[in-house]
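Asker: What follows is a structure written as structure tokens; I'll ask about it next.
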Amino acid sequence: MIDYAWLVPVIPFLSFFILILFRTKMQKTSGLVATIFSGLTLIYAIVIFGQLIKRQTYLAEWQWLTIGTVDISFGVLLNPLNGLMLLLVAFVSFLIHLYSIGYMDGDKRTSVFFAYLGLFTAAMLGLVMSPNLLQFYMFWELVGLGSFLLIGFYFYKNSAKKAAKKAFIMTRIGDMGLLIGLILLFWQTNSFRFADISEVILAGQMESGMITLIAILILIGAIGKSGQFPLHTWLPDAMEGPTPVSALIHAATMVAAGIYLIAVMYPLYMASNVALAIVASVGAFTALYAATIGLVQDDIKQVLAYSTISQLGYMLLAMGVLGYTAGIFHLFTHAFFKALLFLAAGAVIHAVHTQNIKQMGGLSKKMKVTSVTFLIGALAISGFPLLSGFFSKEEILAAVWANGQYGLFVIAILAAFLTSLYMFRLFFLVFEGESKKTIDKIQPTPITMKIPMIVLAFFAIFSGYLNTSWFETYLADWLASGATFLSTHHHETPLWLFFVTILLSVGGIVLAYFIYGKKRINQEDWKSSFPGVHTLLKNKYYIDEFYQLTFVKATNAIGTFFTYVEKYIIQLCMTFVKDVVQSLSKTGTKTQTGQTQTYGAVAFLGLVLIVAFYVLKGGY
Amino acid sequence: MGLLSLLVFSPIVGFIILFFIPKHDMKMLHKIALAASFIPFLFGLLVFILFKTDEIPADILKWIEFEAGEKSFVIHYELAVDGFSTILIFLTAIIMSIAILAGSFHVKKDIRMFYQLMFLLELGVLGVFASGNLFLFFIFFEITLIPMFLLLSKWGGTDREESAFHYLVYNGIGSLILLVAIAAIFVSAGSTNFDTVMQHFATNENSGLALGIAIALLLAFGIKLPIFPLHSWMVKVHVDAPIPVVIVHAGVLLKIGAYGLITFGIGFFPVAFEKLVLVLAILGLVNLLYGAYLALVQKELRAVLAYSSISHMGIILLGIAALNESGIQGAIFQAVSHGLIAALFFLLVGSLANRTNTTSLKKLSGLARLTPLLAGFLLVAALAGLGLPGMSGFVSEFMVFLGLFEQLPWIGVIGTLGLVLTVVYMLRVVMNMTFGTYRNMFGEIKDLNVYEVVPTLVLIICIIGIGVFPNIIASTIQLTIETLRLGIGG
């Protein structure tokens, strides 16, 4: 079976192909068909993973393009890391497909929606199975395409159009870093293959300056894709897409691809302390930065989007402090609880038809399953004891501490505290308190939407036990078996760290309870005491406005300037040339004028010249 | 007559048959013209297959002989192809058929003469790519100018006479310079046969004459490509020519510039070109960025595409400037890829303009609502244009940049700015037309019909085919690249 592993991305691609071809006829059945295809993908991925456990790695390659003497291949690589990713992507994708049947019901373009979902899944699976950087880059762009199409799914909305365009452009900027990085790497190592690249690096055959440069360039690609500062602005806007898309692409899978990229290129980063320090700093800064914005947003999806940015920052931080397994572990648990949060939010939006949390409230009585699963997700992301997020977040903090990055440690702790604060602000405002009058009717949540939420809730609780120092570090051992370049310095987690984690998590929840649940603390208080801060956060630090005033303005100004160049200088030259030719032709044809004659004149002139040439050269 | 002669002169069949069809029987004219356009296509396919099976076709025949002084000059009538020209011939045949099909939607007056001129144009282009010596090349090159001029001046848009005139002036000057260059080559090498010329200059490579001729070729083909600041005629043609003619112009005719620069420029004067590398790289960069920035601020769809073509031609120049296998292979890929993508774009623009009677970007919005197919295909074209992996544009851009970074990394770094700008203007133009709210200005417009969908799909399949299986082209041009590389000195 594993020899046909390349079929894994082909199955969802077929789903895309069939649905786009018969999109009008399959309007009703598209959800079911796509879900079956995605179920098959999941089953196949599980089978392959089962075989992978015994053999650890699998590689197959085919020749793709020959440039001179260099052969560039296309292929399938399976190892512990991407086997895990394969499973994760196929699993979440299947649940999202199932959920979307209910969520998208009644839309006029469901078949197109499911087709795009299939295209994205295919690209994402192709990405995680890539054995070389070029193929990785190609699928990296294609997942971007899937994301773009789905953000702009409601094409008639101007906001969706802008958001889709922005997502494409912002990630493309990051991609240029990755592209330059991979080309430079090729000229250093003569190969795109991950295995060859790490071999060259581990053998110490590359200058350290070059390693740092390439590592930073590749990091720029990851920053773009994973919505890290300063290329993060597209991700909150991407919430314009249907909510299942936000869960799949902009929470669980694609945005995590940046972290995955750092992981597959890890030997490169391990070879440069400067690059690692930059990775960690970008991650830590983004984690805190996005968390502060998340505190004041009123759109349920916006809060979750900033939370995603913040959590991705956490993962990046982990990668930067040599916490390879901690980062992947958090990627893994985050995929479950964040997808869960989005799906629950989607159920809320589906029921009340608004995304503004100020208009919600008291929903826990009317939406039992949704409120309970949302609570589980919120607890998990806050790092509440014994839920998945607790273990992965604690491990990241331990890695930061063990690396001696005390400044970053403080930032990480602050971010963790803010995380539980804004998550429970959300929970209390949406599910507790008084019901609002603005919402009169609540649409029931169909069973196809409830099942994925329940399944994800289960994983949000228990997936952490795959990797705890209390029982067994299955996940870390599994990953380490595929990453031989990792030194096996397994640091014991200091006991006080557990208490710190618990304190942060519970502290944030309690504070949120008093402000938004019990309303003991007036939430308007701090707004009035720090008006500047509140406005700044509310406006997301004015980064969008800054870009608008600088880059966008400058680009347009250059364009306009060139229009003038075109209009006056080039046009002038053209007129001059034209006049010269015209006057020449007039002398040449004296009696006649007209355009065809000009042509004759030019040709004639040529003939004269060639004759003159012979004469001057003396016949040879 | 050899196979290549049959190929080159096969468009004559259509040209002649059309005389026997009554002028006003539009339907019949459309059908016959389309059918006749498949004849060159079949020959093109045959040549392609033969070339693939290593039976390289060539026709030779003594043609002109004259004496000057003590030396006698012989000019043969000789046709020959290499990998690059085989692909261009095939491309020409495909795009010509599509353009002729498009003619049935877009051309209303004097359709018979229109088709006949198109066939003449095809004859010229096929001859250009199949020529085995420079003399013949020049003759066919000139043959393309006349029908093109007439097509432009008679069937063009509002500014057609002005555009046709500009076209003529610029291309006239270009051929004049080319003629001088060819004459100089002839006098120096005693022959214009490609192989002889190549060998001749390989032994006299350092002469000032070689550098002079190389610069002349750069100018002559630079006008055709076009290179900044010689591009304004091409923008006018893009905006004013009838859709089928723009399809051929952007799809095939501009590629003569790339073909000439690579086959004659690098092929005959590798050493001279090595001296020009920096100039070429900077020209390429200017084309890439200047075109992209201007494409960004245009208010007219066809003007956007015109500047986009300029920008994409910059990539060809950058590939040539890299002067290594990867760069040159990328430039050749880009020539083919851009031909397909430009043809696809203008085919769709034609369908759009037929429905809305405007290509002004201000007036177009939300078209996906009524014409989802047209909108979807426009998006595919934009994605192809911005070099999405899985499509031909990515392969060519990637190879060019790969090659460029080996030789001139800083030029490459600045060049990536162009790749970002391409995304910006491509998405701007297509999304403004198809996304957003539909303003009911055009009434109940219908989506594409089957005659519009089929050629569109053919082009898309070619674009994706090259993107997914690039070795189809790479293996065909392998020998060409190898020869060029030997010239450069490896």
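Glycine is treated like the rest: Cβ placed from N, Cα and C.
Taken from TrEMBL, the feature domain 'NADH:quinone oxidoreductase/Mrp antiporter transmembrane' applies to B:131-420. For B:6-21, B:33-51, B:83-102, B:114-130, B:136-155, B:209-231, B:243-270, B:276-297, B:335-354, B:366-388, B:408-427, B:448-469 (among others), the entry in TrEMBL reads transmembrane segment.
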Asker: Go through B:114-130, B:209-231, B:448-469 and flag the stretch with the largest number of C-beta pairs under 8 Å relative to the transmembrane segment (B:243-270).
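Answerer: When the Cβ pairs under 8 Å are tallied, B:209-231 comes out ahead.
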Asker: Looking only at the recorded stretches B:6-21, B:83-102, B:366-388, which one has the largest tally of CB-CB distances under 8 Å to the transmembrane segment (B:114-130)?
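Answerer: The stretch with the most close Cβ contacts to the transmembrane segment (B:114-130) is B:6-21.
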Asker: Can you name the far-off residues of the same chain, 6+ from the ends of the transmembrane segment (B:448-469), with a Cβ under 8 Å from a Cβ of it?
Answerer: 94, 97-98, 101-102, 104-105, 333, 336-337, 340-341, 343-344, 347-348, 351, 371, 373-374, 377, 380, 384, 389-395
Asker: What residues in the same chain, six or more past the boundaries of the transmembrane segment (B:408-427), come closer than 8 Å to it by Cβ-Cβ distance?
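Answerer: Residues 277-278, 281-282, 284-285, 288-289, 292-293, 295-296, 304, 308, 311, 314-315, 318, 321-322, 382-383, 385-387, 397, 401 contact the transmembrane segment (B:408-427) from elsewhere in the chain.
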Asker: Can you tell me which parts of the same chain pack against the transmembrane segment (B:366-388), counting only residues 6+ beyond its ends and a CB-CB cutoff under 8 A?
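Answerer: For the transmembrane segment (B:366-388), the list is 308, 312, 340-341, 344-345, 348, 351-352, 355, 394, 396-398, 419, 422-423, 426-427, 429-430, 433-439, 444-448, 453, 456, 460, 463.
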Asker: Mind checking which residues of the chain, 6+ beyond the ends of the transmembrane segment (B:83-102), have their Cβ under 8 Å from one of its Cβ atoms?
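Answerer: Residues 7, 11, 33-34, 37-38, 40-41, 43-45, 47-48, 51, 115, 118, 122, 125-126, 129-130, 243-245, 247-248, 251-252, 255, 259, 262-263, 332, 335-336, 339-340, 343, 347, 350, 451, 455, 458-459, 462, 473, 476-481 contact the transmembrane segment (B:83-102) from elsewhere in the chain.
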Asker: The transmembrane segment (B:33-51) vs the transmembrane segment (B:276-297): three or more C-beta pairs under 8 Å (separation of 6 or more)?
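Answerer: No, the transmembrane segment (B:33-51) and the transmembrane segment (B:276-297) are not in contact.
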